[in-house]
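Feature list (source: Swiss-Prot):
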type: BINDING; residues: I11, D65, N92, R126, Y158, K162, V191; note: NADP(+) binding site
type: MOD_RES; residues: S42; note: phosphoserine
type: MOD_RES; residues: T43; note: phosphothreonine
type: ACT_SITE; residues: Y158; note: active site, proton acceptor
type: ACT_SITE; residues: K162; note: active site, lowers pKa of active site Tyr
Amino acid sequence: MSRLDGKTILITGASSGIGKSTAFEIAKVAKVKLILAARRFSTVEEIAKELESKYEVSVLPLKLDVSDLKSIPGVIESLPKEFADIDVLINNAGLALGTDKVIDLNIDDAVTMITTNVLGMMAMTRAVLPIFYSKNKGDILNVGSIAGRESYVGGSVYCSTKSALAQFTSALRKETIDTRIRIMEVDPGLVETEFSVVRFHGDKQKADNVYKNSEPLTPEDIAEVILFALTRRENVVIADTLVFPSHQGGANHVYRKQA
């Protein structure tokens, strides 16, 4: 029996990468209701079918763009009754666009990153938090990044968004200490996902170079850490976790084997 059994878990950015892997890791060990939210509805529909065919879970695929801030309250309020009583929110949706230095910054890309990574995460939290306060318990797990702790050239906006996530998470934790609401953050280092393809606007060669001759983490590695955090006893909060592959020591400190 898992401590997650019977819970309703909402994951944003669930169509690929860490979000998708987290859904599978949870489904393997717990009888839960999963709400898989993403912009690519057809993709989360297929994931939902696969999960329900393999595991004892109920899955609701949900079309959601967290950058559409005004739509979020309505989406949460209109959830089907059997999925409305959310117990866990995993704020995973996020992206990086470009590696421009500030002098060359694409402001449209900056607005997209800030809206998605920061305001979207805040809006999701704001929409779900009343459910948790009403029962004095619930889990919010925000997926951050090493970039929120250590900046690098070409990452000014993305690093800023993840720093903002960290401070928001910390403040929320302080605001909820008189409850059983747990506020957690998991910060991955180098993870091989679609993240870099998106960052380089679909240029797969540039994306592949990010991981070239290195041994990055997989989405499953981070999903396992998320599952661990969520399955601790209710009095235990895995507040802030940094996860590196064994050959990484910092944002720009990655050992690469000689070709």
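Note that Cβ sites are derived from N, Cα and C of the backbone, with glycine treated the same way.
Overlay of Swiss-Prot feature records on the structure.
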residue	record	Cβ contacts under 8 Å, 6 or more apart
I11	NADP(+) binding site	G19, T22, A23, L34, I35, L36, A37, I90, N92
S42	phosphoserine	none
T43	phosphothreonine	S15, S16
D65	NADP(+) binding site	R39, S71
R126	NADP(+) binding site	P73
Y158	NADP(+) binding site	A96, L97, M113, N117, S145, A147
K162	NADP(+) binding site	N117, G144, S145, A147, G148, D187
V191	NADP(+) binding site	G17, I18, P216, L217, T218, P219, D221, I222
Cα-Cα distance, maximum over I11, D65, N92, R126, Y158, K162, V191, record's NADP(+) binders, Å: 28
